[in-house]
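Encoded as structure tokens, the structure appears first; notes follow it.
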Amino acid sequence: MRLSELTHPNQLHGLSIAELEDVARQIRERHLEVVSTSGGHLGPGLGVVELTLALYQTLDLDHDRVVWDVGHQAYPHKLITGRYGDFNTLRQQGGVAGYLKRCESSFDHFGAGHASTSISAALGMAVARERRGESFKCVAVIGDGALTGGIALEAINHAGHMPNTPFLVVLNDNDMSISPPVGALSTHLNRMRHSAPVQFISDSVEERVKSLPFMGGELPAELDLLKGSMRRLSVPKVGAVFEELGFTYMGPIDGHDIERMVRTFETAHKVGGPVLVHVVTTKGKGYPYAEADQVGYHAQSAFDLITGKALPSKGKKPPSYSKVFGETLIKLCQQDSTVVGITAAMATGTGLDLLQKAVPEQYIDVGIAEQHAVTLAAGMACEGLKPVLAIYSTFLQRAFDQLIHDVGIQNLPVTFVMDRAGIVGADGPTHQGQYDISYFRAIPNFTVMAPKDEAELQRMLVTCLQHQGPAALRIPRGSGEGVPLLDEGWEPLAIGRGEVLCEGDDLLIVAYGVMVPAAMITAQLLQEAGVKATVINARFLRPLDQALIHPLARRIGRVVTMEEGALAGGFGAAVVESLSDQDVLVPTFRIGIPDQLVDHASPQQSREALGLTPTQMSERIQEHFCLNSQPSLVGQEAPQALST
């Protein structure tokens, strides 16, 4: 069957193993063709092609439910659920999303983007099914990295106490998350995966049974359970963790052997309670470069299929904020042995892979465990260490209670570096870093800041480490501004003090973080239109520099705030509340992300859609204050502050 003709997963029913293997070949070809052109997640999807086909041949996707954890491995799923023709629009504005979205397809049974949620969601569907007296199957597909997440373990604990609820968990064990997984559970899975006795027993049972004359060289599906029982008798540790938690354990099995997986899944569906099928796969399967470098090819920008190398970008770019952070932290760690970098399975993305290589004794990876990471850091701070937790803004949301309860209330000196803060682009709404400003505003004792460029990032990191309390620093995705960097001798900033970058009497612009350079360009455009603006680099969200902002707001009489974050409870709201509390009641216009989700697109396309480019902001400001009809406001008296 041609992949282009496969528009419904139920078309897999009745295909022979050879035909399924041919479909698998076509999926890999299309997967590589599109991702090499437009970029996207590569290794995860290549690793689950056979798993997807084998599982779907045993299900009726018009009725049964499958929840893919995270969703970045679901490109094969998308290719066989009616999106083959549009797949070349992957992760592009208005095109196929890089993750699962319920609004995109009826076969995307649960949306995701963050790890470890699949078992809870699929179990919830099973509970609803039982209450309604229905009979559809519920399946969660989760990776070994995501299985270390607390919510996944909580769900397994719950499911194990529902012995009469049919429910299948497929453990996609590729010994990777984005980076290699860590922890005791991962070590246990690794022992199971590579256990020589397990492989010997499995192979011996199958070969002996197949050799019986009346078997015809085939192994009945029902004997898979017998194989599992024999393995557990001979090697008690295999599957013991899951068996003790109430699951029937089956595996480990080869995740690229379609025939064996089909038999195993058919058997698993017949078990009357929770079942875990342990499938061992190779991340990046079928593309040698991705198999050899599973971290580097987890996700890729456009690349050359023949050489595997990324296509050259246009022009030389400054180093990314993540790289500047990582290199600066290395030097600070070398100067102070009490500084420790912590990541939650995102070393490469946050720049901490540099620290891991340079100063490994001052580096910790806790796995996909954001809540634990925050409280671990709190405990370390209690004993005099200086933990620096580098984490994506969107993932830190998962540890909001720990930020309050374990760090904020106790006023502990923990530094949080929130990478990918603001608009991130093609990963879409699950990954936009638009909420951290709002949620950090509400936590007492925190000092919160954002740099205007990479040099200010260096100074802010030093400021955080010298501060005797919790501090949070947000940095955007992508390259810096290209300003000169200092190798050492960074001076800390005065806490809660901003700076004036340019002066004008018509308008006050107060910008935060990545929006400061955009504010300066906007001010230039306004000046060309006859409107002269003062621009403040706020630097700090908590505490806000009221001593700088309030007098200028009173004198100038028009205030614009700029942020790349949610307007609801955001930086602009903080400025407005501060002015209002001191009876500085001047017209104010807040620019940021409105109360909406930001869908997948390039960062530039997202900013254009939100009206956040300098040209758009200049036009919006003039329209809001009715300035575009006035050739110049220079010399005019500013509006007086209102009184109550």
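Cβ atoms are placed via backbone N, Cα and C, with glycine included.
Residues HIS72, GLY113, HIS114, ALA115, GLY145, ALA146, TYR287, GLU370 are recorded by Swiss-Prot as thiamine diphosphate binders, and the candidate that the same record lists for that site, out of ASN10, ASN174, ASN411, ASN445, is ASN174. In this structure the C-alpha atoms belonging to ASN174 (thiamine diphosphate binding site) and ASP144 (Mg(2+) binding site) are separated by 7 Å. For the binding-site residues HIS72, HIS114, counting C-beta atoms within 10 A of each C-beta gives the highest total at HIS72.
Binding-site extent for thiamine diphosphate: residues HIS72, GLY113, HIS114, ALA115, GLY145, ALA146, ASN174, TYR287, GLU370, maximum pairwise Cα distance 32 Å (rounded to the nearest whole number). The two recorded residues, HIS72 (thiamine diphosphate binding site) and ASP144 (Mg(2+) binding site), have Cα atoms 14 Å apart.
When the alpha carbons of HIS114 (thiamine diphosphate binding site) and ASP144 (Mg(2+) binding site) are compared, the span between them is 14 angstrom.
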